[in-house]
Structures are given as C-alpha cells and as structure tokens.
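Lifted from TrEMBL, the feature list:
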TRANSMEM  7-28  transmembrane segment
TRANSMEM  34-52  transmembrane segment
TRANSMEM  72-92  transmembrane segment
TRANSMEM  112-130  transmembrane segment
TRANSMEM  142-165  transmembrane segment
TRANSMEM  185-206  transmembrane segment
TRANSMEM  227-248  transmembrane segment
TRANSMEM  268-291  transmembrane segment
TRANSMEM  303-322  transmembrane segment
TRANSMEM  342-358  transmembrane segment
C-alpha cells in the first residue's frame, strides 16, 4: 500500500482515536473530583508505552505489529499474536459503533430500530475506509481544529450561562493523598490511553519518519490535557455524583447551557459533532484491522470487497456483544479492560520490547 500521511495528520489521528469515545464519559468515577489529576498522571505514564511502541518500530522500520511479531516470535506464534491484534481492532470498532448507536437511540432517534441506524453508519464508515488512509488523514487534520474550537466555545458558553458553574465541586483536591489517585486510575492506561496501540499500524505511512516519536509524545500529552479539561467540565456543571451515574454526561452538561432564548439545547448540535468523532475513531480502528488482515494473509487485491466484509463483521459484532447498554458497559469494565485491553496494549508490547533487547544484549556478549 502506497498511501502516505504527514506528521501533522498522524498527530490529528492520534488525538482523535482515544478522544472519539472517551469524550462521552466521566472516566473512572472512583476518582471523583480528582479524575482530572489522574488523567494527567496516566498521560505521563503512557509516554513510557509510546517509547516502547516507537522503539519496536525503530527495530523494524516499515513494519506494523502484525508484520514484525512473526519476525520476533517465529511464524506460528507470531502469526497468532498478529491475528489477535486484527480481531481486537475489529472487535473494538464494533464496540465503539455500539456506543454511538446507543447515543443516537437515547437522544435523537429513539423510535428508529438500532439495526437500521447501524446499517446506515456502517455504510458511511466502510466507504470512508475504502477511500483510504490519506483521505482519513486529510479530514482528521481539519476536523481536529473544529473539535478544539467547539470545546473552547462550549467552555465560553458555560461561563456565560449563569448559575450552572460550581467550581466548589472540584474541592477537596487530593483529600486522601496522591497514592489513592494513582491506584484508582490504573484503568486509564487501558482506556483511553491504551488505544494508542491502533496508531502503531500507521507508523510506516508517515512521510516524516523522524517525527513519529515526537508526534506520539505530543499526541499523548495533548490527549491528557483535552480529556482533563473535558472531565472538569462534567464536575463543575453536573457535580461528581450525577456525572458518575449518567451514561452521557457531556450531553447533560450541554443541556444546561442557555443564553437568553436564542442559544439553548446545544446537545443536538454537539451530537452531530460527536458522531463525526465516532466516525473517525471507528473508521481508523476498522482500517487498522483490515490493513492487518491484508498484511498477514497477503491479500492486496479486492480492497473494496474486503472492506465490505469487515464492515459486515463490525456491524454484526456491534449488535451481538450485548443485549442492552448497561450490559455493554459492564462487559467493558469487567472483561475488556482487564482481560483483553491490557494484554494487547501493555503486556505484549512491553514483553516484546524486553525480549528483543535481551536478545540484542546476548548477541553483543557473543561478539565480544
């Protein structure tokens, strides 16, 4: 595949992938009013993961995890690991699609069958994937600016709207010390920050290869700042308890914004914006899965047919993973974060990094 993206487009993709669904939720309710501190803390911790990801790529330039795992662990074991990543990206795309289907069902189209909405979104996403990474990269570069301006606009309106801002909800800060914040927030390393593993599939297609690590570090820090500000908004407008129990606290915050009689119910406008965020995240995640399959099985032809097949699999996964939204959330918290996300996002890359460097050390000792 000859598609290329610039370092700026790659940075936009990095920010949009975790942000695409993390923006919807009050992350880690156990952190209460200290969630913004935890988000910044684990954003710093994730820099270590970014170093590991980019170091692995440095050892295998031009390869993705799907193509360098067999080179490290051998054809059989390495291919099994690669297949796990392909299936993981496919499952994740279906999972995020379900998040946005539930959002639409709850706020805009409650009487429309979820399968019909799912089909329409899948067609749009599959077409975006079919058009390729270059097009998605170009769009993401523009859309990230729209996102940042919209968030700034939201904060301004929140300040202007009288009576909804309660900064006292942010207090007390670190009432039990720093250690509980670090302990309760460990899942942030998996969601949202662990989802940066998706971007490792795009390293070979960045034009300025020497800027990949810089973009990864900057993207990680930017993500932490944006999500911290976003969760502060939930706290000062809704309070910790209501932000914790609400399925979509961002939209509840938006409903409170009212400037006279001409600016109100901004949640409808922001749903459109959020759907665009979802489009990018789902499209890029599905693209990573399809790209991995193409690389592992060496099937470069029939790109359109492969996109359609994976789109159908994504929709099927999305509709079948849970019978209702509470079950969907419970599966994510109890199973996905612990048993799927952490091994694929953290454990395997870290072990591979250590294993590879241990092999290098042994090789150096033999030659001396």
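The chain as shown is numbered from 1 upward.
Note that Cβ sites are derived from N, Cα and C of the backbone, with glycine treated the same way.
Long-range contacts of the transmembrane segment (72-92) within its own chain (CB-CB distance under 8 A, at least 6 residues past either end) are made by residues 65-66, 195, 197-198, 201, 285-286, 288-289, 292-293, 296, 310, 313-314, 317, 321, 340, 344, 348, 352, 355-356.
Here the transmembrane segment (342-358) has Cβ contacts under 8 Å with residues 49, 52-53, 55-56, 59, 65, 69, 72, 81, 84-85, 88, 189-190, 194-197 of the same chain, all six or more residues outside its ends.
The transmembrane segment (7-28) makes contact with the transmembrane segment (268-291): 3 or more of their CB pairs lie within 8 A, with pairs spaced 6 or more apart in sequence. When the stretches 142-165, 268-291, 303-322 are ranked by Cβ pairs under 8 Å to the transmembrane segment (227-248), first place goes to 142-165. Among residues of the same chain six or more beyond the transmembrane segment (142-165), those with a C-beta under 8 A of the stretch's C-beta atoms are 12, 15-16, 19, 226, 229-230, 233, 236-237, 253-254, 256-259, 263, 266, 270, 273, 276-277, 280.
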